[in-house]
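Novice: I'd like to ask some things about the structure below.
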Amino acid sequence: MEKVTLKLGGITCPSCLQKIEGAMHQISGVQDAKVLFNASKLKATIDPSQTSAQALADAVTKLGYTVASSKTQEV
Amino acid sequence: MFIQQHKYQLMVAGGIATLLGLAAHQWLAGPIGAILLIIGTVLAGAPIALNAWAALRVKVISIELLVTIAVVGALIIGEYNEGAIVTFLFLFGDWLESKSLAKTRSAIQDLATALPSTVKKLTAAGSLVDTPVDDLAVGDTIQLATGTTAPVDGHVLGGTGLVDESRITGEPEERRKVAGDDVYSGSTVTNGSLQLQVKQVGDDTVYGQIIDLVEEAQDAQSPVASFIQRFAKWYTPLVLVIALIVGLVTRDARLAITILVLGCPGALVIGAPVTNVVGIGTGAKQGLLLKGGDVASTLNQIDTMVFDKTGTLTAGRTSVQSVQWFVNEDARQKWLGRIAAIEQQSAHPLGQALITYAQDHDAEIPTVKEELQVIPGQGVTAGTIAVGNAKLMAAQNVTMPSLGASTASLVYIANGTQLIARFAITDPIRPQAKEAIAALRQQGVHQLIMLSGDTPEAAARIGAEIGLDEARGGLLPADKTAYIKALQAKGRKVAFVGDGINDSPSLAQADVGIAMGSGTDVAMDAADVILMNNNLPTLNRLLTLARKMTANVTENITIAVGTVALLLLGLIIGLVTMGSGMLVHEVSILLVIANALRLRHISSRKAKNLTPVNFSQAQMADNHHESN
């Protein structure tokens, strides 16, 4: 398991959260995804054999949001 | 998404078109005014409509959707000026909100940006190289010069320096750190220079954990907030339905679209969360970490506070309270040294107090090993010298003069049968303990109890001295949990103040678990509140913050509900139009944000702000250090 933290740019509406979280759960290998509205961060637990932080970042970008930085940590 | 990225430029363009349109409408005949107004509506309305669509795709009926329908309706029935004004005001309000919301997040932002991005690392070759903090690994050695903030947790290997830990503990006092001490990320060297061995990096550091915890807490929904969130989820579609019904029944399209605009739940949705964000951020800056907005409201109801042990209320460190000497003044210094030398070999807890006392009095401690004989329950002997309690003195046939009784622990020193000195050793009560306890009573905590593992006598003594209602001794952790349960069964709202190490069950059992003074164990799951310093007045500050946060939420909900009521009233008597309704709405949103921001000014005892990290200065100080 890996813990992925993406710092996002430009989350202004609470409905963005649902959009992003929904998209994350559609990626196989994502165990748990949570968007922190006030901190503009996405925190997810992933199975590194199935997906990667980059795949998550790509999905976020596709929705029209920017990813400022990305961090991965073994759990 | 060009339109989304430029929505504020579109807002300005739309605003200008609207203004020109309104002027043309007033003074020029013909369709020019109407055309300008339509242009204004489309310019400012495009980003709103797009947002509404995006939300709709994830099955969310958003405020933007209400506004979009209202504006389209306004265009259809020819209310061009109303439509243009509403779209402009909506975007303008959105812009002001984002600006002021950024301010509500400033506390955590300050925390997050306080750490430097590079640090001087000692290489294998022995030179100092600027290294990105992200590249540091556990075990590396780094050098912190005056003015530098530690980006990692570490262990001091060498050097000495005054360190400001106020970002972590909220306490302004600086601490001197020497080899063997721990330095936490986020603390700043204000004077001197330290060499650290890296112990934790990144999110594992104390500071990283604090930021993590605060971020999670700010997003954690309090029951009030989550109720409103759920309410808003149904409320927005409900407004849509009501507007539709009203429109169909009255056949008044104008009334129907006005209801759509007035129905926006803006201030209500934002009221509670915005208070929590500001309150939790403000607390974090003072070393009070709340795990969510609901903790504040529970804290506000606390009527009973239970302290987990004497160490919470006392210094937790025994020290010599008084000494009675029975030898000449010039011989005392030498005796202090010998006593300390003996105690350095024994591991008795009272011994440390004697060693510290000797050091404080500059006694020379001989390094020669003494032949020690430990007599359990009595003390130690070294040759003819005996150090221990009255029982030991009796066993050694020491001639005892009649001495006054004392509640402190007594240690006697004898040489042969001659008494040398009597030391009274206690664990002193923390400074300000009495005042803090009295202040807690004034803050509504009527019952103050100490549950201690100490002897019942020691517990009772401290309880009486500080002014507690009850002080029980000889308790095990499980007894404490049971005691809290019993209090709760009587209807009490209990806060438990513990050090968080072995009292997790009690922390979890209490209505609010407050972990105090363990200082750096931020990842405490059982606690609802973590106090980064162990000064007792911090508890008073915590209650003040909780009270202000709770009041603030109530105020914000009052503002929001009051606004809706006013607008409804205005609608009924025909005073409110779409445009003015939107204006009132936006004003109410800004009002609740401004109200929440007042929490930033809760008085903190923080005497001064940290000087910003200054690398040029750090460089200079470093060179200076090396030339020494």
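Including glycine, each Cβ sits where the backbone N, Cα and C put it.
Relevant sequence annotations retrieved from TrEMBL are reproduced here:
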DOMAIN    B:115-215  domain 'P-type ATPase A'
TRANSMEM  B:12-28  transmembrane segment
TRANSMEM  B:34-53  transmembrane segment
TRANSMEM  B:231-249  transmembrane segment
TRANSMEM  B:255-281  transmembrane segment
TRANSMEM  B:557-576  transmembrane segment
TRANSMEM  B:582-599  transmembrane segment
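Each of these features: where is it, how hidden is it, and who are its neighbours?
Specialist: Sequence-distant contacts of the transmembrane segment (B:231-249), counting only residues of its own chain at least 6 positions beyond either end whose CB sits under 8 Å from a CB of the stretch, comprise 61-63, 65-66, 69, 255-257, 259-260, 263-265, 268-269.
Residues 63, 66-67, 69-70, 73-74, 77, 79, 86, 93, 97, 101, 104-108, 214, 217-218, 221-222, 224-225, 228-229, 231-232, 235-236, 239-240, 242-244, 246-247, 290, 292-293, 296, 545, 548-549, 552-553, 556-557, 559-561, 563-564, 567-568, 571, 576-578, 581-582, 585-586, 588-589, 591-593, 595-597, 599-600 of the same chain, all 6+ positions outside the transmembrane segment (B:255-281), place their C-beta atoms under 8 angstroms from a C-beta of that stretch.
Residues 85-86, 89-90, 92-93, 96-97, 100-101, 103-104, 261-262, 264, 266-267, 270-271, 274-275, 277-279, 282, 545, 548-549, 552, 555-556, 559-560, 563, 566-567, 576 of the same chain lie 6 or more positions beyond the ends of the transmembrane segment (B:582-599) yet place their CB under 8 Å from a CB of it.
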Novice: Do you know the DSSP helix, strand and coil residue counts for the domain 'P-type ATPase A' (B:115-215)?
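Specialist: When I sort the residues of the domain 'P-type ATPase A' (B:115-215) into the three classes, I find 20 helix, 46 strand, 35 coil.
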Novice: How about the transmembrane segment (B:34-53) and the transmembrane segment (B:12-28): do they have 3 or more C-beta pairs under 8 A, pairs 6 or more apart in sequence?
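Specialist: Output yes: the transmembrane segment (B:34-53) sits against the transmembrane segment (B:12-28).
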Novice: Taking all residues of the domain 'P-type ATPase A' (B:115-215) together, what is their mean pLDDT?
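Specialist: Per the prediction, mean pLDDT sits at 86 for the domain 'P-type ATPase A' (B:115-215).
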Novice: Counting only residues 6 or more past its boundaries, what in the same chain has a CB within less than 8 Å of a CB in the transmembrane segment (B:12-28)?
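Specialist: Non-local partners: 34-45, 80-81, 84-85, 87-88, 91-92.
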